[in-house]
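Written out below as structure tokens is the structure these notes cover.
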Amino acid sequence: MKMSCLKGTTISFSCLKLAFPSYPSSFQNLPFRRTIKPLSAALQTSPATSPSTTKAEDQVARSHWKAAIDFKWIKDNKEAVAANIRNRNSDADLELVLQLYDHFFNLQKEVERVRGERNAVANKMKGKMEQSQRQRLIEEGKNLKEGLIALEEDLLKLNDKLQLEAQRIPNMTHPNVPIGGEDSSMTRKLVGSAPEFSFPVKDHLELGKELCLFDFDTAAEVSGSKFYYLKNDAVLLEMALVNWTLSEVMKRGFTPLTTPELVRSSVVEKCGFQPRGNNTQVYSIEDSDQCLIGTAEIPVGGLHMDSILAETLLPLKYVAFSHCFRTEAGAAGSATRGLYRVHQFSKVEMFIFCRPEESEHYHEELIKIEEDMFSSLGLHFKTLDMASEDLGAPAYRKFDVEAWMPGLERFGEISSASNCTDYQSRRLGIRYRPSEAPVASPKSSKGNLAPPLFVHTLNATACAVPRMIICLLENYQQEDGSILIPEPLRPFMGGRSVISRKL
Amino acid sequence: MKGKMEQFERQRLIEEGKNLKEGLIALEEDLLKLNDKLQLEAQRIPNMTHPHVPIGGEDSSMTTKLVGSAPEFSFPVKDHLELGKELCLFDFDTAAEVSGSKFYYLKNDAVLLEMALVNWTLSEVMKRGFTPLTTPELVRSSIVEKCGFQPRGNNTQVYSIEDSDQCLIGTAEIPVGGLHMDSILAETLLPLKYVAFSHCFRTEAGAAGSATRGLYRVHQFSKVEMFIFCRSEDSEHYHEELIKIEEDMFSSLGLHFKILDMASEDLGAPAYRKFDVEAWMPGLERFGEISSASNCTDYQSRRLGIRYRPLEAPVASPRKSKSNLAPPQFVHTLNATACAVPRMIICLLENYQQEDGSILIPEPLRPFMGGRSVISRKS
């Protein structure tokens, strides 16, 4: 999938913005306006069908970052893009984007034309001429300049609106992804089997209560619902899970990281999340453009933002440990009891930056690492190829792992592995320089540098601690209420093999 | 008005009753407002001060102990930033773009060092009978205030969440203090000793200068904190116990440090007495604070509503119907830093640097770093 960037236009805008002082664009006064009225009129009367119009205007007023979207590609493949939008149940408005893009393209041509005229007038003024003629040229030059300023402002606003709408277009979808909702997701793999119990099975909340492992009630007073303290052996279990996971993933060549947990909201958006939507998952900081991260994917993606990496550096593989914060707005129901859905949790996340031709390979590698780790902990789980409506805008393809939770009497998600191809990298501005130039060029002065290409990014949960705690407590409960600690974790718990009641 | 009376007398009484009722409502409102104002002003009164605390500012703090000695180097000493750069341990520049200044990523061996410090510290403190905890890092702002911090002042150290009464914690002291808020504990439960691992967030508003480079002053960091709830008569004893634990741990890491009895102007409102530990940081060429141990007596417990029921009634009472329950009393609370990770990283890197730029790992941490004894350049 070839995606070249609309680099040229973006750069010229930032130059424009700096060169011209703010100028009230008073359309009516300039006779020049008549010729471009149809275009600006189109801008004013954007279809009211677009649900985001009011918000769009607010956001257009702010100077917003730009994604390197390949408009030409979208235009050339609009049927496929439209079908993809439908399959994903996205609210992106492709027609509007294409319309805006055409306007933008034409307005850009108009701007260039006017600029050309203005340059022509400036050149004419260099020669000798009558005073009256000079006066006329000066007048003409002035009109053209004012008209140009107004047009360029329109162009900026149009680009902002174009970006706003275009950024909503979700990533394309892998051909093997099942089309549809939750029920269409396909099981790729089933590992292990549900343990059999000769006694009544307890859920993690009950087990945790008897073993003095959690406190939800006090946390609700101190912080609010869906917060918790971990106590006693649950703390050791969390540390063991994090330490073991970091160790296992590092063995496979990943560079360990800890990350900031406060990030600028623009970085959150560039990763494909919506910090300011209704029902947003993102906590924002008062009097600040900062947000709390919901996953280390965000600060790790930001690690190489606005960069051109040498190809020899790729793939870059990171394993990051962080706390994660989620509002869980809109999530309710019985499956949100206890540790299953919480506002704050520890997570170890894997992240890969790679060349486009390798992302599918690394997607398989990531899911394999997860499967190996969960198997070695003795969990019974299935790996799902998520259906198109469940992908989330950035993901080209997504594999979820759901593990058996005897207390909940169902499978619960414990991890997610996404191939985001170039969706995030086009927003974060992450490219690489291929080592070899495509063709020997006669213009050797520039060296044989191939143009930079966008990397692909992938992310995968190595360990979401609360979900893992649920799995371990519920699957390894013994009749006497104690919990057996799976083998791999014992060295990380001081050699202990059981969590039991405190005396 | 319950008795029999003439109609006009009844009417007069009704009138009088009505006036009194309205007057009462107004008075009660005044009382509420006055109590609010009284509370607002009274809450600003700082805790009393231990008689041995030196009176005055920073310079009046007294060194009560000096441990170890500054290492001697036969080569030019580097600071932690330079060492970290050569060993690919941190990234401040990218973090500044992603998050803002005073944020950072830890990379490679620095991550292992952080995990080792946290794991070792938890283990050491648990050996001494402390119950391990992890805590919420978002708390209601009222809790922050009850612990003696000012979430909404100018130059506040506290990050607030938009459209919410929640704040980010600057220390686990806050959620741990909240653990027993509005409770009456049985005396037999005391002392309650907790060791809590959390991330901490501080705005560091108003802090500037050269000593804020690198890891010395950051907006987010990992910390292991000790917290004790005890009977009033025991708090001085536990204050000594806490500082001793810190001393033992820092000694076993081979650090050169001094313990300071902080002067009255440097105590912070909740603290009756505060011991700070400052460790020698060769790269900074000065001592830098690595921990703080405060005895808050009943300052926090009066705000958090934490009391205990003494076992023995003061005097045998003839009115046996209420049984011999002594009235509940406010606990005393204490808190002490077991490990503030970035400051410890500075100490370890700068004190244990070798001539070739590698870092020697102190003995106690080696088992927690897979047995490794050195942090060196990645090949």
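Every residue, even glycine, has its Cβ placed from backbone N, Cα and C.
Any TrEMBL annotation is an automated prediction that lacks curation.
Here TrEMBL flags B:T171, B:R202, B:E225, B:N335 as L-serine binding site. Around the Cβ of B:R202 (L-serine binding site), 20 further Cβ atoms fall within 10 Å across all displayed protein chains.
The ATP binding site annotation in TrEMBL covers B:R202, B:T203, B:E204, B:V218, B:H219, B:Q220, B:F221, B:E289, B:I290, B:S291, B:S292. Look at B:F221 (ATP binding site): DSSP puts it in a strand. Counting Cβ atoms from all protein chains shown, B:F221 (ATP binding site) has 20 others lying within 10 Å of its own Cβ.
Positions annotated as coiled coil by TrEMBL: B:10-44. Looking only at the coiled coil (B:10-44), the predicted model's pLDDT averages out at 94.
Per TrEMBL, the feature domain 'Aminoacyl-transfer RNA synthetases class-II family profile' maps to B:127-362.
In this structure, B:T337 (site 'Important for serine binding') is part of a beta strand by DSSP. Sequence-distant neighbours of B:T337 (site 'Important for serine binding') (same chain, 6+ residues apart, CB-CB distance under 8 A): B:K223, B:V224, B:E225, B:M226, B:E246, B:I290, B:S291, B:S292, B:A293. Residues or ranges marked as site 'Important for serine binding' by TrEMBL: B:T337.
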- Message: At a C-beta cut-off of under 8 Å, are there same-chain residues at least 6 beyond the coiled coil (B:10-44) that contact it? List them, or none.
- Response: 1, 145, 269, 303
- Task: Specify the count of other C-beta atoms within 10 Å of the C-beta of B:I290 (ATP binding site).
- Result: 22
- Query: Taking B:E204, B:E225 as the binding-site residues to compare, which has the smallest set of other Cβ atoms within 10 Å?
  - Reply: B:E204
- Task: Note the Cβ centroid of B:T171, B:R202, B:E225, B:N335, the recorded L-serine site, then list each other residue of that chain whose Cβ lies within 8 Å of it, in sequence.
- Result: B:I169, B:G170, B:A172, B:E173, B:I174, B:C200, B:K223, B:T337
- For B:R202 (L-serine binding site), what is the secondary structure by DSSP, using just helix, strand and coil? coil
- Query: Among B:R202, B:T203, B:E204, B:V218, B:H219, B:Q220, B:F221, B:E289, B:I290, B:S291, B:S292, which the record lists as binding ATP, how far apart in Å are the two most distant Cα atoms?
  - Reply: 19
- Task: Out of the binding-site residues B:E204, B:H219, B:F221, give me the one sitting nearest to B:T171 (L-serine binding site) by CA distance.
- Result: B:F221
